[in-house]
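Notes to accompany the following structure.
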Amino acid sequence: MASTTCCLSLLVLVALASVASAQLSSTFYDTSCPRALATIKSAVNAAVAKEARMGASLLRLHFHDCFVQGCDASILLAGNEQNDPPNLTLRGFDVIANIKAQVEAICKQTVSCADILAVAARDSVVALGGPSWSVPLGRRDSPKAASTSTVNQFLIPPTASLAELIKGYGDLGLNPTDMVALSGAHTIGQAHCPSYQDHIYNDTNINQAFATSLRASCPMTGGSNVMAPLDTATPTAFDNAYFKNLLSQKGLLHSDQELFNGGSTDNIVRNFASSPSAFSSAFVTAMVKMGNLSPLTGTQGQIRTTCSAANS
């Protein structure tokens, strides 16, 4: 019975994504808050100029929001999901809070935190040299966070196998090409030592010189304050170097290298490694699909005045 309920909930999630996406529009704020997008972009550019890693952090916030309970800004509610293990290293909340304050100053209770996350993710990619796209808008904010069990169910760990990755993304209506393209977000940002320890000490599908260099700073246990770039070639540039790294068995996470390990996604990785345009196109398509995951629209949810707390 539990399995049947789980499957039904996944079907409902995907169905809602299809229906709600039709209600989103890239021109949603053209009349109600025409300066919203420019305000968000300016703030993101300033934050990324100050610290390039922030671009990856803002993009990751959008991922973790959408994968759990849909793109409803529940990840921004103080405490709650933020205290669950997969989310403990999330950052950028202060940047989003600053953007929200700026937007509220020009359009009170008009632009949702969920939409700010979606636009900030796009603008972060662009700020680091990646592609741009029109972000469908009109999401509303959830008044409550997701449960710990939901967080753990939908956020895929860095130890995942290829089969687990394909299933996890597939459960959300994202196909293997979407999954590989979205994994390409690891062309920017850093990971903490505990997330790649097992890979560099115990896996065999890793370049040994690469593993040795990482072991110098990441011990077999502990090391929670140690970080390494997910893409050692161009860590602050949004490009296709991540996929070239995989061809050389230089994926930082176990789940990264699973994408190119003699399995069904090898040719997708090869294609993205050889064609920056193929990666960019697939990434944009997948980001729009991910951004359409079960958004609250119309009169559902609310427009929070502060992203970290539901309206009283």
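Cβ coordinates come from backbone N, Cα and C, glycine included.
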Q: Would you mind checking which of CYS113, CYS193, CYS218 shares a disulfide with CYS307 in TrEMBL?
A: CYS113
Q.
Going by the disulfide annotation in TrEMBL, which one of CYS33, CYS71 is bonded to CYS66?
A. CYS71
Q) TrEMBL pairs CYS107 with one of CYS33, CYS193 in a disulfide bond, so which one is it? A) CYS33
Q. Do you know which of CYS7, CYS193 TrEMBL records in a disulfide with CYS218?
A. CYS193
Q: Compute the centroid of the Cβ atoms of THR187, ASP231, THR234, ASP239, then list the same-chain residues not in that set whose Cβ lies within 8 Å of it, in sequence order, for the Ca(2+) 2 site.
A: ILE188, ALA233, PRO235, ALA237, PHE238, ASN240, ALA241, TYR242
Q: Please report the number of other Cβ atoms within 10 Å of the Cβ of CYS71 (disulfide bond).
A: 30
Q: Find the shortest Cα-Cα separation between ASP65 (Ca(2+) 1 binding site) and the recorded positions CYS107, THR187, CYS193, CYS218, ASP239, and name the residue that gives it.
A: THR187
**Q.** Euclidean distance between Cα atoms of ARG60 (site 'Transition state stabilizer') and THR187 (Ca(2+) 2 binding site), Å
**A.** 12
